[in-house]
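Here's the structure we're looking at; comments come further down.
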Amino acid sequence: MRFASLIPLLLLASVLGAAAQQGGDIGSLISRDLFNEMLKHRNDGNCPAKGFYTYDAFITAAKSFGGFGTTGDTDTRKREIAAFLAQTSHETTGGWASAPDGPYAWGYCQLREQGNPPDYCVANQQWPCAPGKKYYGRGPIQISYNYNYGPAGKAINSDLLNNPDTVATDPIISFKTALWFWTTPQSPKPSCHAVAAGQWQPSAADTAAGRVPGYGVITNIINGGLECGKGSNPQVQDRIGFYKRYCDLLKVGYGNNLDCYTQKPFA
């Protein structure tokens, strides 16, 4: 009787195990050791973000965005993780051409926008700037402007309009702002997630503008106005370099259409 009573429990465990393999925690695809190898020099003594961007914070934040890294087959899921970490590594890079282990081992070195950035405050009735607050780039995606801090904060239940520096002091919040940007469409742009997960279907206007599914259009979503439709350039090359390295470490192919050299930016 004891063994008979265990059968339902064993079946339940089997079902739960299968479900876990199909999605959920992205830790099944990117281990702590792999994360540390991908972002190998993020804790270098010369990196302002030393000690901030942790594996645990990344995994915890990702669980709040259920579709991220859990949509599609295993290769698709791996490519989305690679794409996210590559784009954010470009935004936070501390690398240079002759850097130890190469320039693409230095993602997540920066925490705040470098130099003397402006306050990035523009008139907006829905997301008004708080007195004395600055909305310069912070965190993995270097989120900027009050009109991004406001809705990002609302989505993740954190008052970022009044406390924008939370993005640079709370690593989970920091990753959540990047994942909010990644998973949120801003018309006419699709979300980065929709592209990475293979869910985006280009419109006739997209096709005419050369915007096709692939890693390149994610760059277009993030910074197309400055980087896309201008032929080969170092910024796009850097984004691709990070992506290829991370795909190699995840043991997955790159997919097609990695650049946006001939794509027109989204309007």
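Each residue, glycine too, has its Cβ placed from N, Cα and C.
Per TrEMBL, the features are:
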ACT_SITE  Glu91  active site, proton donor
DISULFID  Cys47-Cys109  disulfide bond
DISULFID  Cys121-Cys129  disulfide bond
DISULFID  Cys228-Cys260  disulfide bond
DOMAIN    47-69  domain 'Glycoside hydrolase family 19 catalytic'
SIGNAL    1-20  signal peptide
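Where TrEMBL records a feature, it is marked here on the structure.
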residue : record                    : DSSP class
Cys47   : disulfide bond            : coil
Glu91   : active site, proton donor : helix
Cys109  : disulfide bond            : coil
Cys121  : disulfide bond            : coil
Cys129  : disulfide bond            : coil
Cys228  : disulfide bond            : coil
Cys260  : disulfide bond            : coil
For Cys228 (disulfide bond), the one of Cys47, Glu91, Cys121 that lies nearest, given that the recorded positions are compared by Cα: Glu91
Of the recorded positions Glu91, Cys121, Cys129, Cys260, which sits closest to Cys47 (disulfide bond) by Cα distance? Glu91
Cys129 (disulfide bond) to Glu91 (active site, proton donor) - Cα separation in whole Å: 24
By a 10 A CB contact count over all chains shown, which of the disulfide-bonded residues listed here is most packed: Cys47, Cys129? Cys129
List the same-chain residues at least 6 positions away in sequence whose Cβ sits under 8 Å from the Cβ of Cys121 (disulfide bond), in sequence order, or say none. Cys129, Lys133, Lys134, Tyr135, Tyr145, Asn146
Which number gives the other C-beta atoms within 10 angstroms of the C-beta of Cys260 (disulfide bond), all protein chains shown included? 30
Out of Cys109, Cys228, which of these disulfide-bonded residues shows the lowest number of other CB atoms within 10 Å of its CB? Cys109
10 Å Cβ neighbour count around Glu91 (active site, proton donor)? 21
